[in-house]
Structures are given as C-alpha cells and as structure tokens.
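J.: I grabbed these lines from TrEMBL:
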DOMAIN    1-79  domain 'Neurotransmitter-gated ion-channel ligand-binding'
C-alpha cells in the first residue's frame, strides 16, 4: 500500500559562511545561486519516489539573515510506502 503526498517543506540552519553586513534578510530566488549553496541532505525513510517541482521556474524560496541563518522552502511530491504508525 502506498500513498502520495504533496507538501511545502521548510528548513532552517545556520551557516557562518553566509553572514553578511546587511541590516535585513537577503532573498535568493535564482536557481543558479541556489545550486552553489550547501543544502542539508534530507532523507524520507519510506519514500518510493520524490521530486522537487519545476513548473515554469524552480519552486523554492530562500532567505539569508545577517547572522547567516538560512531559511529554505520548497515544494516536494512524495510517493510513500507503508509505515507503522503504532
């Protein structure tokens, strides 16, 4: 038995290499820049398939705080296998 899940996933972490002298968050919405930034490895233990959405553009947003805290959100569709929810 499987089921599909469509979700908008948010993650945040701190990367001191991304600290900057600005007074506000920096918005990153260019895929070529996103590809150069380290992202945590995310693993869905019971996923049979998973993909990130790219309809007309890559579906994500990323903000970087002056302290180097990164907030990242993206849309993901998963096909999940059976799990024990006991």
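Cβ atoms here come from the backbone N, Cα and C positions, even for glycine.
What TrEMBL says about a protein is an automatic prediction, not a curated fact.
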J.: Sort the residues of the domain 'Neurotransmitter-gated ion-channel ligand-binding' (1-79) into helix, strand and coil with DSSP and give the three counts.
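T.: DSSP classes over the domain 'Neurotransmitter-gated ion-channel ligand-binding' (1-79) add up to 7 helix, 39 strand, 33 coil.
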J.: Summarise the model confidence on the domain 'Neurotransmitter-gated ion-channel ligand-binding' (1-79) as a single mean pLDDT, whole number.
T.: 89
